[in-house]
Amino acid sequence: MGNVFENWERLVRAVLQRDQLWKAGQGMGRAQASGAGIAGAVPPSLVGTSNIDAILQLANEIEVEDPMVARILCEQAYGMAQKLDPNSEGRGVVQFKTGLLSVIKQKGPRVDRERAIEHLWNFYKSYKRHHRVEDVQKEQQRLTESGTFSSSFEQVRKVYTTLRVLINVLEALVGDSYSDRLGRQIIEEVRKVKKTDVTFGELTPYNIVPLDAPSLANAIGFFPEVKAAISAIAYPADFCYLPADVKAPQSRGLDMFDLLEYAFGFQKDNIRNQRENVVLILANTQSRFGMPVDSEPKIDGKVIVEVFTKVLDNYAKWCRYLGFRVAWNSPEAIHRDRKLIMVCLYFLIWGEAANVRFLPECICYIFHRMAKDLDAILNQSDAQPAKSCSNEAGVVSFLDEIICPMYETMKAEADRNNNGKSAHSAWRNYDDFNEYFWSPSCMKLSWPPERSSAFLLKPTKRRRTGKSSFVEHRTFLHLYRSFHRLWIFLAVFFQGLAIIAFNHGTINTDTFKEVLSIGPTYAVMKFVESSLDLFLMFGAYTTARGFALSRLIIRFLWFGISSAFITYIYINVLKEKSRPNSNSSYFRIYILIMGIYTAIRASFALLVKFPACHGLSDVSEKWPFFQFFKWIYQERYYVGRGLYERTIDYVRYVAFWLVVLGCKFTFAYFLQIKPLVQPTNIILSLRNLQYSWHDLVSKGNKNALTLACLWAPVVAIYLMDIHIFYTLLSALVGGIKGARARLGEIRSNEMLHKRFESFPEAFTKNLVCPQMNRTTSNRHAPQGHEESKKIHAATFAPFWNEIIKSLREEDYISNREMDLLSMPSNSGSLRLVQWPLFLLSSKIFLAVDLAFDCKDTQADLWNRISKDEYMAYAVKECYYSVERILLSLLDGEGRLWVEKLFRELNSSIAEGSLVVTVNLKKLQALLSRLIGLTGLLVRNESPDLARGVPKAVFDLYDVITHELLTANLREQFDSWNILAKARNEGRLFSRIEWPKDPEIKELVKRLHLLLTVKESAANIPKNLEARRRLEFFSNSLFMNMPSAKPVAEMIPFSVFTPYYSETVLYSSSELRVENEDGISILFYLQKIFPDEWENFLERTGRDASSAESLQTSLGDSLELRFWVSYRGQTLARTVRGMMYYRRALILQSYLEKRSVGGIEDGYSGSDYINIEGYEQSLECRAQADLKFTYVVSCQIYGQQKEKKAPEAADISLLMQRNEALRVAFIHSEVRDSPDGKIMEFYSKLVKADVNGKDQEVYSIKLPGDPKLGEGKPENQNHAIIFTRGDAIQTIDMNQDNYLEEAMKMRNLLEEFRQDHGLRPATILGVREHVFTGSVSSLAWFMSNQETSFVTLGQRVLADPLKVRMHYGHPDVFDRIFHLSRGGVSKASRVINISEDIYAGFNSTLRQGNITHHEYIQVGKGRDVGLNQIALFEGKVAGGNGEQVLSRDVYRLGQLFDFFRMLSFYFTTVGFYVCTMMTVLTVYAFLYGRVYLAFSGLDSSISRQARMLGNTALNAALNAQFLVQIGVFTAVPMIMGFILEKGLIKAVFSFVTMQLQLCAVFFTFSLGTRTHYFGRTILHGGAKYKATGRGFVVRHIKFAENYRLYSRSHFVKAFEVALLLIVYIAYGYTSGGATSFILITISSWFLVISWLFAPYIFNPSGFEWQKTVEDYDDWASWLLYKGGVGVKGENSWESWWDEEQMHIQTLRGRILETILSLRFFIFQYGIVYKLNLTGSSTSLAVFTFSPRKSANYQLILRFIQGVITIGLIVALVLVVALTRLSIPDLFASMLAFIATGWALLSLAITWRKVVRRLGLWSSVREIARLYDAGMGVLIFAPLAFLSWFPFVSTFQSRLLFNQAFSRGLEISIILAGNKANVQT
């Protein structure tokens, strides 16, 4: 035990020493993040209930100043800890107390209590005097009363913190015994402090606005709009009286929230949170309307109306939909105060609703009831608590009485989902609960809701509660049900085109009658749809609305009867057709019925779907007849009403789809259907065909299966090829729209240079607010174009320079590049625009060369120079700068010489005689003298330099006078008496005024660089990322965007990032830990980003030789950690990027303040652009905080802090470095109750306080564990209450942002006010840049694919198709719209696994409008390894499988008009359906060919049926192959490349991708998407897959790849290979091998891609040593026994068990059984092909043939797993004694393999039955053999290729070509660092 204490004391001393070093400025480390010294080790159980941490923090700080006070404080902290937890039961309390005792011992002997009090009191008084606290308080009081803000109080926070701690300790020490004089003084001081809120107002926790106590250091409370908002919510005099015990802080007085807290029992922190929220909403809305000048701040009535209308818009619509009267008579009649208190009430309900926030209409119901309660309370004279929120004991609590009962029911339902494994139909999800309130019957729910009501009825084990209006049954039939109009449309057109084709293209009466057969087809398919509507509602019959059920029954009966009737009539029409003399009465009846029905359907379609008819549709609802038929035609939901667009938009997307459909049906008719007509007729006419097996279907049935085999692949392609034409047209339309939007105009460094001159004007026009523009223009009053350009340049320069500065801070450019890229202020007296030096570099030297060779006039020389406009600028700037510098340096005679010289030169220039006045060939000598002079002046002044400058000036004078000027001027200067006398006396240039003026110093430095930089500017900046960013930013300046508003008037917004446990900041140890190849993260990044590493070393003052010393300095070590983290997908990178928004707003606010204040405020012209220290402007920071909030929802941050996890310390460090960062998290704690210990949950918000420690701002109790559904949306939901503003940008934690893009955020937010169609925008789509594309070829493929979708793809989806959804971050939401409609995502378990896209569905269904904008971009990280990519695509595909089952997709598919429904289908779930159809086409083709081969019909029919319609088959297979290898996926990429990179680069990029086997990658991805999409719909099992966001360029072991891809790719690939082998063996092709290869090449390519892609794209996949290691690892894994607790990654048996978990339901087992039966075709067909069976086609071959005996023995031994010599002997005997040949033996093996797999699949499917039979262990061993066999077949080629070293080299080149093209050292990385260390 003694050793433990000694170690603890040693640790404490080390911590204290480190803390002292940190305070002394010697470095920064984790101590900063975790709190100083032992103060950072206070257990959480003590922190929440005391200020022990603050006491210990102060003790550490004053240790040096007064050790006795430090000891007293430590003793007090120990005493408090002992009192709070005397038995040390809390976690970590024992260790803390032990350590604290050790610290106390080190601080000296114990001090008695009286002496301690006296000493501490004296220290308190001296500290107070030293910091002039009394004077500060008086000044604070004066400023508070006058309402004035002063920035001088920023430094008093620390003083107040210290005083607060000291006075609390004194109070505790004195206690109740203060009879002595000293005690009375202390207690009096304590009372005084507590009474005066102003004194310690700075220490009261607040988020943004200090409402409960004034803060003179925070300017936000002094803004007039904030004052007006605070006064607006003040308690009105005409409201009911509050009880006397309801009090508010002295600083603010009572307000509306105090009444709501008293009446309804809302939590105090919910009150505080929503009070600030409402104040900010009112203040920001008022700022947009403008504040009246010279008047008392007051909120305008229009502001209150706007806020009231928007916040309660959903409630008002809900009331209208249900026919309820709103809680007020009319918006006009209700008083403004009542409007405001209604808004406050709504926000308070929403803020405390927890999981109920996902139920927006439930919120409306609660508000409706509580608003009536509030109205009754307000109508009384005295306020009373609401009975609805009061319990029997009289305790008022909204949470307990209203929210908890609902939460408990939702939790009980969520528990039934068995962690997502139960069927969706077995439990109610969030949507089911919410849709209960879509019916007027919701008002039958008592108020407050009784726990016995139907709504709150909890499910039991035997009885479940019913669903609401939709049941998510797991079936593919949802695809038909949701999009039945598409399938009917395709079927009807296929039928019509086929009829026309079979009639040889002639259209006559008979053909027309046949085409009319589409009528019965349509009716029957509608009947199927209505049947599905009825049957798929099973599970909701008892709870669904009666109206909805009656509609389903009516539709079922109607379509059933009508389909039968129409079919009957049409059959009689066909009979009439066959009778020549018929009167065609049935035909006329049929036409009449179809005409009437078509007219009615068309009328209702127009009324409901066509935009121009919606007014008529609304009017028609008054008549019951129309109302009834509209109700039958389209179900009426609360959501989904009004899903139409304005007519022009409608026409545009209809035209788009008419083109697509025209191309599709032309292709279908001429290349798919028509070529199959003749082969079909021939096959139908063939009789008595000889089958080589016993056919059960086709024989005697017109060869039905043969026709099915012929048509199946064509039909499959027919169903999906519409997506091909959509892709092509969307690429074309997207490219045209992108070109019109001016994307890609600046796509290279050369273009950047050429267009730079126009940047300032474009920037000023778009990114500078008009007020600032006008003020600047008026102040300078430009006289011409050049002066106007200079003004624009002066406005542009500070922004551009800050962008360049940010690039330097991010280490993308070096110091030299920063100097060359920076732009002069252009605010001086120089008479021209000064451009960045990178544009002017080497221009002077070129101009001198031109002058040297000049033999013409001055005008000719200037024309040659002016051909390069930047050369002309350089010459003029050099000329003017030399004049300014010389005039500033010289006085007396020297100044006279300069003035006369330039007078003469100006005169010559004006006369055009400069070539005569000056000897141009001597300019080179002049240039060298100027370089010498400026080279001295750029340095700091010193005696040596002071002596050298006069000599340099004299040399310059000598060259100018005696070499440069002509003889006449030379004589004038030599004979000038004043000059000659000074020269002779040695006084000439003896007095030099060293440059001290900032403008002159800038001129000197710039001139020196202008004269010395000779390299070309084409390579500046060198870094490709810096180039890309500057190119995109400069290009965006010329794109259409709304004008920027002033910061004070802009739309406020929040950024919102959910975080769980991903990497926050790489630790020092993580940087250097090496993987199995000897590669560390730091080493990897140094090689991948060598230029950025060099820039980092330069920034930290080191070179490559001293880089290792970075670890010795804590500060530099921290910077190194950030440097590495900023290059990964970390939270630190995301936070840095998002905080650029605040930095941009501060800069913009600062410059606007300067421009508007201007000269009147005492600022000079140069001050206007001087932005040094702008980030310290408290007023500008407050303005930014008013407009921007950043909340990171770190769900388990509380748990991480308790566990002392490094992530917690890193998050705390981020808060310290970013004062505006807020962290929300879920805190849980155990509390004792009468029922035992219970777990309580809180939603907390923290920020960093003045000491850098976490300060709790809000803590809102939750009804229970908030995670009832999916983790990410639940994480977002709990923290969304802490966001602010009118907009919210959702950002994932692997995203980045850039300062230059942050400057455009004001413009983007203005899109909410722009015209985007019939409805205002509710989600603004934002372009993404994938920054992980340069790591490898796979990352490049993924980056290009993603970039194509987020740019061109979403561009078309938004316009013209109007179906863009929310596909993830970084879209910007209308916050008020979405928080009142369910939030920014949905969270129901599993069904909402792709939570992001449901926000788009929800927004669209609720009449939102989603747009897309490409003038602004946000960085995004993507997966870079194949396994990561596969997991991500599997997650997305599984999510789309769940979407197929969802009510959102169903409703959008039903309620969109037909053409918009097409857009929606093919861009969401339809994409995955088409992907699956691509694979199914291969199966349909091969199984069809195998059937023909086995049956023996292929050879006999092919000759007669013209090769079975090869034209159609080839068209289908070619289309399938092109989709399979990603050609159509690449078309949008190529268009994007052409648009943004140019044609040549686009072609080069496409060819490079092909050479890097992108076709293999896309084919492999096809299999991934197909597997997970199909399996999810069949069996479920979709779940979030953590793909990992690290640096993945490492070798993946063979076993790991096998585990991941065995069932998704390998098994299917072997099946296709088996089909191909059978086709080779028994099939017939007239063209022989060549024809076979051509027709099956796509299938072979698929097999190879699916089997070997994981190893082709596996780094070092063909390195021999790793191949050997992989085999050993795989063999060990395969043979290792499983067991309890053994993971699948360690044992094949455990993995095999995990792979079967998706088959859970009886329906799933039946489907798997049906699918497994396909493998028996091999056994059935091969038997008839054996020589043993001869030509027999009887089923008897399975019964009496000798083959049966052999077959039985082989199967028996195979099942038993006994492969012995006896089996071999038996096979030899069978071959010898029967007609079984060697080929038969191999054929039998093929059959056994397929049959065995079928039996194995069936055994797995019915594993419970197999277990009861005792055969499970045998089944497992058979399965092991199969996996061993598949593994060997895959591994053998890999091992063979690994023998050849060049294969590994080629693979590395293939994988990392992008890196090699940049000269990177990937070979070093792959070989390992250790192998390259020099010994």
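Backbone N, Cα and C define each Cβ position, glycine as well.
Heads up, TrEMBL stuff is auto-annotated, nobody curated it.
TrEMBL lists 337-450 with the feature domain '1,3-beta-glucan synthase component FKS1-like'. According to TrEMBL, the feature transmembrane segment maps to 483-502, 552-571, 586-608, 650-671, 710-733, 1464-1486, 1521-1539, 1546-1566, 1636-1657, 1754-1779, 1785-1804, 1825-1846 (among others).
Across the candidate stretches 483-502, 710-733, 1521-1539, 1546-1566, 1825-1846, the maximum count of CB pairs under 8 A to the transmembrane segment (1464-1486) is reached by 710-733. Take the transmembrane segment (586-608) and the stretches 552-571, 650-671, 710-733, 1785-1804, 1825-1846: counting Cβ pairs under 8 Å, 552-571 has the most. Per-residue pLDDT, averaged over the domain '1,3-beta-glucan synthase component FKS1-like' (337-450), rounds to 91. With DSSP classes pooled into helix, strand and coil, the tally for the domain '1,3-beta-glucan synthase component FKS1-like' (337-450) is 78 helix, 3 strand, 33 coil.
Among the recorded stretches 483-502, 552-571, 650-671, 1546-1566, 1825-1846, the one sharing the largest number of Cβ pairs closer than 8 Å with the transmembrane segment (1636-1657) is 1546-1566. Counted as Cβ pairs under 8 Å, contacts with the transmembrane segment (483-502) are highest for 650-671 among 552-571, 650-671, 1825-1846. Long-range neighbours of the transmembrane segment (650-671) within the same chain, counting only residues 6 or more positions beyond its ends whose Cβ lies under 8 Å from a Cβ of the stretch, are 493-494, 497, 500-501, 610-611, 644, 718, 721-722, 725-726, 729, 733, 1359-1362, 1457, 1459-1460, 1462-1463, 1511-1512, 1515. If you look at the transmembrane segment (1825-1846), the same-chain residues 6 or more away from its ends with a CB under 8 A from one of its CBs are 1598, 1602, 1606, 1610-1611, 1614, 1651-1652, 1655, 1661-1664, 1667, 1670-1671, 1674, 1678, 1692, 1696, 1761, 1796-1797, 1800.
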